[in-house]
């Protein structure tokens, strides 16, 4: 059992405030991912939870216990660093058993616990090697093994996959998800890669400028982003934003007119918006389709063919860029004029302050957890 | 000739010339030590002569070389150990927990090396006299420790800076106390750096003459005092002085030669990455 609760956490470096009051609660056995652009404070926040950075103000509770002043090793946490931070002068077995050695565990106990972790991570044959004799992926596994051996209440990961190549990253992602299931432990994971966040998280926390922009399940963030920042950050390629004017407000939705003159009735509550107000329409590249009867047209400037799908970077008459995801087979080429059809149900509206207008219907999968059931510990 | 080749040739020639200029006095001293006193002062100097070991025999008869050499070893190693022992925690703190003024502090420490030693001779001499430290090994060890501390701290600081902070933090997460962090992680990881720092410190101590001449007479006198004793009241005996100098510098020369790779790595560390 391990819950992590942050209450009004702040961090100042001299006069500079980098974490500006974070409130968050992470449930037992939850896989929580901190995501955000570089400099958003996600690593600092993780290091504060780890105890490697002092907390300027606010409270950090682990299992309901205030741990602000508890040294890192006594918080019941283990951390996997971006650089792996293996001890270069020790063998794999010694690396993994270091914490036990410091705790005064017997040789026999150390050996059996290291062997157990090695089995889980398939490191059995590498125990006598030094870190420099290992590949990137193997080092990563040793770093995770070092964490497992401590049997922590909470695992902390600081961008652990960013030094691996693309293929290995996908493989480790799957392994981490499996590990989370097998260990049934609470995990906090920092990344700048929104794909990692989407694929692994039970809960994603989007940070920007030291504040939480939104926290929720991956699909909640995808379908119900709270503001323009989250809408643009989650999803790849990013969501398109088009200026629009409110023309009618009803119970069933808000009708807006785009610069092209097209009119769309989006099923979101108008709130305080009135006809004539300026709003932003958001639509993801994957939610548009090419069609002769489409309401927007533009000139294709760049075509990116990925095989399975094609991205068309299209310039609209008003100069705005629109990214369209199309089928991999379409023959469209640069400088062709294409027309796209929007599906109102997948469109988002944002008010002048950048906040999303509430959808009338919640997405059926918005509350879906990554793993429907959990093994009891 | 290709301009690149010419450049390389010039660099090589200049390098050898510089090395020759630096090495010449040592070469000449060794040569002189095998001459007779008359040959030693002959003008023009003689390059070809019948070598003799007479000077070495005289030097051995006149003074107990082993006594001085032992003092040199004990004092150099002792001062180096003490300086390293003090500098390791200091450099650790400065490298991994720097404060606002850490850089200034480091520069200030180094700046004390710019001060001429003679500036503090009188106070140190008086302190030594009153505490009975004159002509004692521990007294000289103390002075040498203080003399080398800035450079040892500075070098260790540079080496420690090269150790990834993450590794020490991982240690902290694993439950390492500061002492264990230093002993089990930092020191093994920067062993080559600590070794070259210690080497340099030993060499600096071995060659130090100012304090050893002023603060020792016989009991604790190291080899530098031993050399000086051959240029005393009866006048200068160049050949004997050279013989004494040769056997005085021989151990450290051999030591330096054997560890030159380590030493060069240490001295150019940070400068060439």
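Any Cβ shown, glycine's included, is placed from N, Cα and C.
Record features, source TrEMBL:
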type	residues	note
DOMAIN	B:69-259	domain 'ABC transmembrane type-1'
TRANSMEM	B:9-31	transmembrane segment
TRANSMEM	B:68-93	transmembrane segment
TRANSMEM	B:105-126	transmembrane segment
TRANSMEM	B:138-160	transmembrane segment
TRANSMEM	B:181-204	transmembrane segment
TRANSMEM	B:237-258	transmembrane segment
Are there 3 or more C-beta pairs under 8 Å linking the transmembrane segment (B:138-160) with the transmembrane segment (B:237-258), counting only pairs at least 6 apart in sequence?
no
How about long-range neighbours of the transmembrane segment (B:138-160): same chain, 6 or more residues beyond its ends, C-beta under 8 Å?
74-76, 78-80, 82-84, 86-88, 90-92, 94-96, 106, 109-110, 112-113, 117, 124, 128, 186, 190, 193-194, 196-197, 200-201, 204-205, 208, 211-212, 215-216, 220, 222, 266, 269-270
Remote residues contacting the transmembrane segment (B:68-93) - C-beta distance under 8 A, at least 6 residues beyond either end
137-138, 140-142, 144-145, 147-149, 152-153, 156-157, 159-160, 178, 182, 186-187, 194, 197-198, 201-202, 205-206, 220-226, 248, 251
At a C-beta cut-off of under 8 Å, are there same-chain residues at least 6 beyond the transmembrane segment (B:9-31) that contact it? List them, or none.
1, 47, 242, 245-246, 249, 253
